[in-house]
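Quick one: the structure is below, questions incoming.
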Amino acid sequence: MDRRGTKRRGENIEVAEPRNKLPGPAPSMPTDPALYSGSFPFYRRPSELGCFSLDAQRQYHGDAQALRYYSPPPTNGQGPNFDLRDGYPDRYQPRDEEIREGLDHLLRWLLDHRGQLEGGPGWLAGAIVTWRGHLTKLLTTPYERQEGWQLAASRFQGTLYLSEVETPAARAQRLARPPLLRELMYMGYKFEQYMCADKPGSSPDPSGEVNTNVAFCSVLRSRLGNHPLLFSGEVDCIDPQAPSTQPPTCYVELKTSKEMHSPGQWRSFYRHKLLKWWAQSFLLGIPNVVAGFRNPEGFICSLKTFPTMEMFEYVRNDRDGWNPSVCMNFCAAFLSFAQNTVVQDDPRLVYLFSWEPGSPVTVSKHQDAPYAFLPTWYVEAVTQDLPSPPKTPSPKN
């Protein structure tokens with residue numbers, strides 16, 4: 001009830017600030033899964049272009065210094081018994097979520113490497129640049145029943161940039177986050193600390209601080225349908241024992257979930273949580289998700305590996321399950337919708353795509369603040385580098 005009330009207040013705020021909202025067409029896009037149930041679309045195997053790290057102060061480094069190494073406990077027939085509450089809240093440094101980073105770190109990487117991209121500026125001019133997390137939200141949209149989203153889109157030098165906007169409802173939820181939920185978030189990071197070492201061959205050290213500013217991010221190139229993609233996603237660790245040392249196939253995703261005791265609990269897990277795990281890892285090309293199952297006291301009692309390409313098998317015969325083809329077809333259709341909608345090449349002009357469960361995706365047009373997200377330093381550097389911008393590609397039918 002509170003959430004709906006907050007949402008209405010958020011919408012009223014939106015209406016009360018029309019100064020930078022521009023008139024324009026109001027197309028919409030349906031999200032019903034039945035509309036996207038065709039065969040699986042073409043998705044090019046993601047290839048890593050590079051990486052970057054964020055340190056304990058959230059400062060950018062164009063290297064792999066934040067990469068950690070998968071170091072699971074020995075399998076001796078007993079549960080690992082990791083205490084996920086250890087260190088909370090004394091040895092916990094959470095990232096400041098009030099700071100909205102947008103695409104800034106990815107753009108910093110792009111600025112340093114755009115000259116080395118295969119295909120050069122011409123390839124980039126036809127590409128979509130975004131975070132993996134934004135694409136994950138698109139993949140899961142046909143099956144999402146609770147949380148809406150907003151994506152800001154701008155076209156600059158031909159490239160389409162997509163950056164998430166925090167919805168009023170999401171902001172209200174974040175600010176009112178209950179202590180238990182904050183502790184559960186900590187537990188997920190603590191699990192990574194138990195499972196990862198700083199150097200290959202060494203052991204994890206769970207006695208240190210959990211600092212969520214620190215991140216290692218992979219930058220990848222792919223293609224969905226006819227949409228070239230350049231995107232980045234945070235990676236938990238690399239497996240030194242992986243059959244292939246080629247990223248991203250040597251990366252491992254780490255997750256936690258509550259212990260389950262009944263078929264109904266497992267069914268719900270497969271329908272909802274596994275969908276998000278699949279979308280996240282499939283996009284990046286990560287082959288395995290290692291899950292730690294915690295008991296009510298906050299101890300990890302068992303570990304289970306879920307190969308990404310086998311996750312769909314858990315819901316294949318479930319009438320209320322999810323389908324990877326629907327997820328990818330919807331994402332491809334949304335990217336076409338965005339490419340055809342965002343026709344003006346202007347870094348200060350934002351097309352805001354908004355979606356709430358049970359509704360179609362809608363779009364509105366805005367100039368400058370509060371939605372413009374391409375930083376001046378990026379726009380100026382790219383403009384100086386390319387004095388004569390390429391013509392905006394005409395929308396594809």
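Note that Cβ sites are derived from N, Cα and C of the backbone, with glycine treated the same way.
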Any idea which of 67-88, 243-264 is down as region 'Disordered' in TrEMBL?
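Going through 67-88, 243-264 one by one, TrEMBL flags 67-88 as region 'Disordered'.
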Could you give the number of helix, strand and coil residues in the region 'Disordered' (67-88) as assigned by DSSP?
0 helix, 4 strand, 18 coil
